[in-house]
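The following features are taken from TrEMBL:
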- Gly62, Ser63, Gly64, Lys65, Gly66, Thr67, Arg175, Gly218: ATP binding site (BINDING)
- Arg88, Lys109, Ile110, Val111, Gly136, Phe137, Pro138, Arg139, Arg179, Arg190: ribonucleoside 5'-phosphate binding site (BINDING)
- Asn143: CMP binding site (BINDING)
Amino acid sequence: MWRRAASLSSSIFSSSSRRALRDRGAYSSKAMEFSSAEPFKGEGCLSKEKNLYITFVLGGPGSGKGTQCAKIVENFGYTHLSAGELLRQEIASNSEDGVMILDMIKEGKIVPSEVTVKLIQKGMESCDNGKFLIDGFPRNEENRTAFEQIIGAEPNIVLFFDCPEEEMIKRVLNRNEGRVDDNIDTIRKRLKVFAASHYPVIDYYSKKGKLYKIDAIGTEDEIFERVRPVFAACEGAQ
């Protein structure tokens, strides 16, 4: 089942990543009780124009978050904005930013926060719906603060799809989407970047009582049955 997480279990990252995080004193054991989040109205122009309800969706490559987002859209009427897909669309446009994004992805690096947030902002502004799933973002603390400053809002909840590293590698290699970054060396590099950069974000929202950790092992329908109660509760709180 899903569970609200104020601290992270050691199963989230690989053993080598956990050792590095322990050396930095990153782990916390304090638990927090469930409480429903109210929609946050920030100071940015977008949040003034819309009554926003924002969900950040986090998980390593191959964790299945995109598939689950599609089910959330179908069942709860959210608008899905994939940070990765927005970046790939920009690459396909052959713009200057698109060329820069492609080079950084090939190297396993993180795209500058302002670039990604501006693409997300454009997607949010083009939609009448105020309920958003922002998939694959934020990837680090800089992303998080840039979003708050540019959009003028915080997420109401954050989903984290918890999946073992080897399972994520197997899924990515099997999905055959023809992406330039879907080879085993680059996947492992991406997972290392994920573990190093996402932990502070996940921990930040854990401590704020906004994180829901989802067991991402099982069939698509089994996993969604762990997700469904989160959004059913959120619908009742709005």
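Including glycine, each Cβ sits where the backbone N, Cα and C put it.
Note that this is a predicted model, so its numbers are computed, not measured.
Structural mapping of features recorded in TrEMBL.
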residue	record	Cβ within 10 Å
Ser63	ATP binding site	26
Gly64	ATP binding site	21
Gly66	ATP binding site	20
Thr67	ATP binding site	14
Arg88	ribonucleoside 5'-phosphate binding site	18
Ile110	ribonucleoside 5'-phosphate binding site	16
Gly136	ribonucleoside 5'-phosphate binding site	24
Pro138	ribonucleoside 5'-phosphate binding site	29
Asn143	CMP binding site	24
Arg175	ATP binding site	13
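In this structure the C-alpha atoms belonging to Lys65 (ATP binding site) and Ile110 (ribonucleoside 5'-phosphate binding site) are separated by 19 Å.
Most Cβ neighbours within 10 Å among the binding-site residues Gly62, Gly218: this distinction goes to Gly62.
The two recorded residues Gly66 (ATP binding site) and Gly136 (ribonucleoside 5'-phosphate binding site) have their Cα atoms spaced 9 Å from each other. If you compare every pair of Cα atoms in Gly62, Ser63, Gly64, Lys65, Gly66, Thr67, Arg175, Gly218, the residues listed for ATP, the longest distance is 16 angstrom. Checked against Thr67 (ATP binding site) by C-alpha proximity, the binding-site residues Arg88, Ile110, Gly136, Pro138, Asn143 yield Gly136 as the nearest. Counting every protein chain shown, 26 other Cβ atoms lie within 10 Å of the Cβ of Lys65 (ATP binding site). If you measure from the Cα atom of Gly218 (ATP binding site) to that of Pro138 (ribonucleoside 5'-phosphate binding site), you get 25 Å. The binding-site residues recorded for this entry are Arg88, Ile110, Gly136, Pro138, Asn143, and the Cα of Gly136 lies nearest to that of Gly64 (ATP binding site). Within 10 Å of Gly62 (ATP binding site), counting CA to CA, the binding-site residues Arg88, Ile110, Gly136, Pro138, Asn143 contribute nothing.
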